[in-house]
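As written in TrEMBL, here are the features:
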BINDING   Asn12, Val13, Gly14, Lys15, Ser16, Thr17  ATP binding site
DOMAIN    3-257  domain 'OBG-type G'
DOMAIN    280-363  domain 'TGS'
Amino acid sequence: MALQAGIVGLPNVGKSTLFNAVSNSAKAQASNYRFCTIEPNVGLVDVPDERLAKLAELVQPNRVVPTQIEIVDIAGLVRGASKGEGLGNKFLGNIREVDAIIHVIRCFEDENILREEGAINPVSDKEIIDTELQLKDLDSVEKKMQKTEKNAKFDVKAKAELEVLQRCKAHLEQGKSIRSLGLAPEERTAIADLFLLTEKPVLYVANVDEPSMHTGNKYSETLKAAVAEEGAEVIIMNNSIEAQISEMEEPEDKALFMDEYGMKEPALNRLIRSAYHLLNLQTYFTAGVQEVRAWTIGQGWKAPQAASVIHTDFEKGFIKAEVIGYDDYVQYGSESACRDAGRLRIEGKEYIVKDGDVMHFRFNV
Ligand SMILES: Nc1ncnc2c1ncn2[C@@H]1O[C@H](COP(=O)(O)OP(=O)(O)OP(=O)(O)O)[C@@H](O)[C@H]1O
Ligand SMILES: [Mg+2]
């Protein structure tokens, strides 16, 4: 499944630095020049979850396996990207493939780090990117309108689609993103095939200087005010510090370093958790002596579908699921104690799995 969040922003704002901090696999080149990144780098990222650690502490398994999401480091976009500036079309295509967007915005001053857009200005930086994405979407919407218009004369379905497309067009022309249009699920099917860039959920990273990493600064404040209306989240962090933390191999070194900066955990953990929620994902656990493991599913998934992420046979041969709520598991301390206390439920095919459920599937093949 591995849903993807793509890191987007102007050139040289700290995207690759962030990617290197989150990604435990491939390292992207991060340097002080524009278009340092051309091909997107993809990395698998463990989703930090305190509940997994807690379950592991109770069960003492041989292995602990977190769940993962994919993060993609995309090349910097520039003004005019929707018209092909700076290899714009190619980079925009990379964004089309992701499920959610992490928009990195420069909120630090540093004369040595090149910048083409004049004085630091997070709000106008955000607008430059938004505008390019909106223009690209407008292009897609208009193209589909042309095709739909003919059929709309005699086909009711095409007529309804055309109405949705017209609303999208008007919205984009006002400089707004599709995600704020509030389309009903059945209306969204009219544009589903377009994979519109501004329909994807977004969160912002305010990449601040070191002294502001806990509190934010005037730049991150203006950014927060500007996105408040969208209801989007702004995560304040210093991408360079995060990258330095993740480069350290020894846990003791990490702890010392974070202590020095007054950090309880890397700010990245917050970012990854937020991205995970933005992707509408949730977690259930399996807990046995061999392995305590977190599994990713979508919200609203039923038990057999949830079982399928372990193995497709689990879904095909699904009989029932034994379920213990996370809080119960922690309160009673073990599966058998939960069973004795009557806190282990037997659920069938229609059960909708809840975030944090500890599951055991019974199946036959
Ligand atoms: N918070 C920060 N404070 C100071 N310098 C930073 C900060 N974050 C990143 N940098 C520096 O900014 C420069 C650009 O970073 P990076 O290569 O990550 O940018 P990018 O957005 O990936 O650029 P491109 O679009 O060219 O790929 C690097 O030299 C990096 O060390
Ligand atoms: Mg880069």
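The backbone N, Cα and C atoms fix where each Cβ goes, and this holds for glycine too.
Residues Lys15, taken from the binding-site residues Asn12, Val13, Gly14, Lys15, Thr17, are distinguished by a CB atom under 6 angstroms from ligand 2. The highest number of surrounding Cβ atoms within 10 Å, among the binding-site residues Asn12, Gly14, is found at Gly14.
DSSP states for the domain 'TGS' (280-363), grouped as helix (H, G, I), strand (E, B) and coil, give 24 helix, 33 strand, 27 coil. The binding-site residues considered are Ser16, Thr17; of these, Thr17 has the fewest other C-beta atoms within 10 angstroms of its C-beta. Averaged over the domain 'OBG-type G' (3-257), the predicted model reaches a pLDDT of 90.
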